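**Student:** This is the feature table in TrEMBL:
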SIGNAL    1-23  signal peptide
COMPBIAS  391-416  compositional bias 'Basic and acidic residues'
REGION    391-659  region 'Disordered'
COMPBIAS  442-454  compositional bias 'Basic and acidic residues'
COMPBIAS  478-494  compositional bias 'Basic and acidic residues'
COMPBIAS  495-512  compositional bias 'Low complexity'
COMPBIAS  520-532  compositional bias 'Low complexity'
COMPBIAS  537-556  compositional bias 'Basic residues'
COMPBIAS  569-582  compositional bias 'Basic and acidic residues'
COMPBIAS  594-612  compositional bias 'Low complexity'
COMPBIAS  625-659  compositional bias 'Basic residues'
Amino acid sequence: MTTFRLARLLKSSLSVCAPVALVATLSACGPDDGEASALGPAADVQWPTNPLGVNGGEALAMPAMPEARPMIEEPPAAPARYDASYREAPAYYDSYRDDYARPDPAYYEQDTGLDSYAMLALAATLGSVLADSPPDYGFRYGDVEPWAWRTGDDYVRYAEPIRGGSYRTYYYAPGQDYPFLVRDPYYSYGYREDRVVVIYDRAGRVLDPHRARIQRRIGRRYFDRSRELHRAALRSHHRGVSAPRWARHRHHFAEAQRDWERKRRDRREWRAWDRRHEPALTARWSMERAARNYAGDRFSSWQKADYRGPAPRFYREARKNRALMHKVRAERARVYRVSRQETARRASRFAARGHREVPKFAETHARRNLDRHPGQVRRAALQRKAQMQKLRADRKQIERRRDARRNLLHRREVQQHTRRGSNRHFAGQHQHQVQRRKQTRHHAEVRGRMDARRNLAARQEQAGKAARMQAQRKHKAKVAERRQSRAAKAELARHMQAQKARAAHKAQALQKARAEHKAQALQKARAAQARAQHAREKAHRQKQARNAAKVRRQQMARKAEQARQAQARKAEARALARKAEQARQVQARKARSRALAQKAKQQARQQQARQQVNRRHAQQQAKQRQAHQRRAQFRQAKRRAQAQRHEARRKTGGHLAHN
């Protein structure tokens with residue numbers, strides 16, 4: 001790390017971190033910090049990375065909640081019409097998509113430091129905080145409708161759909177109109193101001209800047225689009241996102257975040273950056289993470305209920321959830337306690353090494369630069385002297401601001417702890433803190449007097465005063481320094497003894513809290529895996545349903561075709577049957593005609609036969625009548641003969657009787 005970057009880091013520490021963070025920043029610097037990223041230094045971006053976490057006021061005061069537009073529950077018949085406006089953004093990555101695979105190891109940067117992964121790691125952390133929470137709002141940008149997530153501290157993520165069902169995401173720091181990272185399906189681009197400073201492939205490797213010509217061109221296109229996208233988000237009307245559409249596309253974001261987590265395990269520098277800044281990020285986004293997790297779970301519940309009832313106001317509900325707020329306060333208080341312990345430990349280490357560590361650190365790096373450029377020794381010496389003077393002035397300013405900030409935080413802590421009814425405990429803690437502040441101010445005053453004496457000695461030496469007077473002052477300064485060092489060591493020993501007693505009591509609680517945190521993280525990971533598995537199963541079931549519907553449609557089409565063919569065959573059969581029937585009817589009519597003719601002939605013959613029979617019968621009847629008449633005549637003749645005989649006998653008998 002050069003003296004110039006050290007000065008800039010000191011300046012940013014005044015505005016972003018607590019003043020004591022300077023000590024931790026200097027003590028945490030390692031060999032990797034002096035390395036530039038693949039395409040240029042990126043360490044001067046204002047990340048939320050206070051190495052000491054949060055101060056007391058930030059730990060007790062809850063951060064701002066995100067705001068979101070209510071989601072829209074589209075009616076069942078609307079998704080097709082609604083999705084018609086959901087177009088795809090330009091896919092600039094087509095230029096390098098076909099030749100993505102690069103077998104040559106020289107295509108990647110071999111020597112990367114922590115700064116090279118700052119942008120990717122911060123974006124991945126922000127993505128894990130947002131998790132699978134619904135977008136806060138959507139807005140119009142041409143024919144595309146991007147989605148937006150805005151945190152309570154004004155970090156922004158935009159997502160716009162691109163070809164292939166994927167998304168391109170843009171990550172913005174607070175107050176910036178350009179992104180610090182853009183991610184597409186193949187590469188991620190880190191920006192500082194209007195320049196591409198680092199490019200990562202989808203495995204998390206840093207590309208060699210001299211071999212990434214196509215990617216740099218694509219990155220510049222992304223930068224231009226990102227600024228227009230941000231301006232459109234500011235001036236366009238914000239509307240709620242369709243709940244059914246978010247449910248259909250939700251798994252894309254969860255899978256992208258899981259992909260980042262897998263790649264992080266393979267990149268040592270990425271993991272190191274996360275470890276260094278984890279306390280600050282945890283403290284800064286603990287409220288945001290809890291609210292986003294609540295929103296994701298609440299949306300899942302609403303989805304399972306088929307979107308019945310009004311759309312949930314996720315973050316208003318989270319703000320009123322006492323259990324959630326209590327959990328967040330406990331987490332922030334835990335991080336604050338750990339940060340205070342880390343602050344004391346690093347401050348003690350810094351005090352033990354001496355009070356001139358900052359100038360020595362700057363001089364060491366300045367000498368390294370002078371060795372590389374021997375022709376600029378004179379100018380570098382003047383710059384080094386000016387920078388050392390500026391560092392001393394900055395250190396004094398840090399001490400003054402630290403005292404003012406501590407007094408302000410002390411008043412805030414007293415007020416808040418008083419409202420919570422913990423006056424006795426806080427009074428003891430306050431007394432201890434006041435005593436430590438007095439000791440710190442005393443040491444600062446002593447260091448200030450020592451600096452003044454050293455400056456006075458330097459001016460007297462430059463003025464050419466007597467060597468004896470200079471030796472006496474140096475001797476006095478050394479005696480005072482030894483006294484101060486002994487006093488500081490004694491005070492440090494007393495402080496360390498008291499701190500060890502407290503640390504022994506808090507170690508078990510800290511381990512328990514870490515175990516609970518790991519268990520919660522494991523539970524969340526399992527829940528996320530279960531949700532992802534459920535989403536995959538649901539997608540698989542939907543795919544199976546679509547395939548089954550397709551098969552059914554094909555079967556129905558085949559059946560319809562078969563039915564049409566059967567009907568055609570039936571119609572043809574009916575036509576043939578009609579023709580056969582007509583032929584049969586013709587033949588039947590002919591047969592009937594022949595039968596009628598034959599019948600007529602037969603009837604004629606029968607008529608003739610009947611007539612002949614009738615004639616014979618008539619003849620027989622005539623003969624019978626004649627025979628009957630003859631018999632009747634014979635009987636009549638016989639009766640007349642009998643009558644005549646009877647009459648004759650009667651007459652003969654009467655005559656006899658008369659006689």
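Heads up, residue numbers simply count up from 1 along the chain you see.
Glycine is treated like the rest: Cβ placed from N, Cα and C.
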**Student:** Sort the residues of the compositional bias 'Low complexity' (520-532) into helix, strand and coil with DSSP and give the three counts.
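**Tutor:** Helix (H, G, I), strand (E, B), coil: 13 helix, 0 strand, 0 coil.
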**Student:** Report the DSSP secondary-structure composition of the compositional bias 'Basic residues' (537-556) as helix, strand and coil residue counts.
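**Tutor:** Residue counts in helix, strand and coil order: 20 helix, 0 strand, 0 coil.
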**Student:** What is the three-state DSSP composition of the compositional bias 'Basic and acidic residues' (569-582), stated as helix, strand and coil residue counts?
**Tutor:** 14 helix, 0 strand, 0 coil
**Student:** By DSSP assignment, list the helix, strand and coil residue numbers for the compositional bias 'Low complexity' (495-512), in that order.
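**Tutor:** Residue counts for the compositional bias 'Low complexity' (495-512) by secondary structure: 18 helix, 0 strand, 0 coil.
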**Student:** Looking only at the compositional bias 'Low complexity' (594-612), what are its DSSP counts of helix, strand and coil residues?
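**Tutor:** Its residues divide into 19 helix, 0 strand, 0 coil.
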**Student:** Helix, strand, coil: count each for the residues of the compositional bias 'Basic residues' (625-659), based on DSSP.
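**Tutor:** In the compositional bias 'Basic residues' (625-659), the DSSP-based counts are 34 helix, 0 strand, 1 coil.
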**Student:** Tally the residues of the compositional bias 'Basic and acidic residues' (478-494) by DSSP class, grouping H, G and I as helix, E and B as strand, and everything else as coil.
**Tutor:** 17 helix, 0 strand, 0 coil
